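Here is what TrEMBL records for this protein:
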TRANSMEM  27-44  transmembrane segment
TRANSMEM  64-83  transmembrane segment
TRANSMEM  95-118  transmembrane segment
TRANSMEM  124-141  transmembrane segment
TRANSMEM  150-167  transmembrane segment
TRANSMEM  179-198  transmembrane segment
TRANSMEM  210-231  transmembrane segment
TRANSMEM  251-270  transmembrane segment
């Protein structure tokens, strides 16, 4: 239940479809909610790191930013637990600690990468979670995958390579920074896989509600971040920079609130439809976020790079098509 995406790990937490509004209306609510919240969150995140103060300073306190986000998530999920009730199961906090550590590590790497790569590159990279999932599955779980799945991963990989090699860095330092940023994105994807694995163990050990999962993961992440931000000095640095530049603080709060609301739209989607619908919405959202970022911030993306973007989302779409076919076949058998 990663805060940035959250679509891939919540299926087992889904409730039975609810009565009330027509399903078509619910789908519109889901699409508009996820699109608006995560597109706003992404654009505000880009604003935070593009901002320049009067003396040329820039925001660099990633741990402070994530600390604020976790505070908002903890507060939001606590209120939701109070309103909706709890499962009553005993929570295995050692597993929540592991999941929280991996989850916050993935977020740190993802946001740090934004200092070294542009936002479209970050969004494109974070769209490719099936690559580390398959890699971990083959190397450690000895899983077997279909030819279609291997072709999807190959197409996505070629698309990413095309996108990054077709860019035109302004100087040698830009190229080195870009390589470092891509490394951070890759490590973030690996930690996303660890987070998903930890969540599976959690759901096997107990039956937390979606907001219990959100609360305890963010509470552990908040404890880790509080210590890290204090010891690194980023807590003081981040607060001082935001105090001197109130517009940045508004971006930070807006980013955190939009992400928290976005998680709840994801839960709403899963509970009323299924994880495949949620994955489709969140994946197409990433594409439109890239387009909006290019339009609003004027990123220079050439035809070859757009070709790379097309290859990535074609591969993802082909993989989702296979999932829909398997899901449909399973329903027919049932």
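Positions of Cβ are set from backbone N, Cα and C atoms, glycine also.
Keep in mind it's a predicted model, so treat the numbers as computed, not measured.
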When counting Cβ pairs under 8 Å to the transmembrane segment (179-198), the leader among 64-83, 95-118, 210-231, 251-270:
95-118
Would you call the transmembrane segment (27-44) and the transmembrane segment (210-231) in contact, using three or more Cβ pairs under 8 Å, pairs 6 or more apart in sequence?
no
Taking the transmembrane segment (64-83) as reference, which of 95-118, 210-231, 251-270 has the most Cβ pairs under 8 angstroms?
210-231
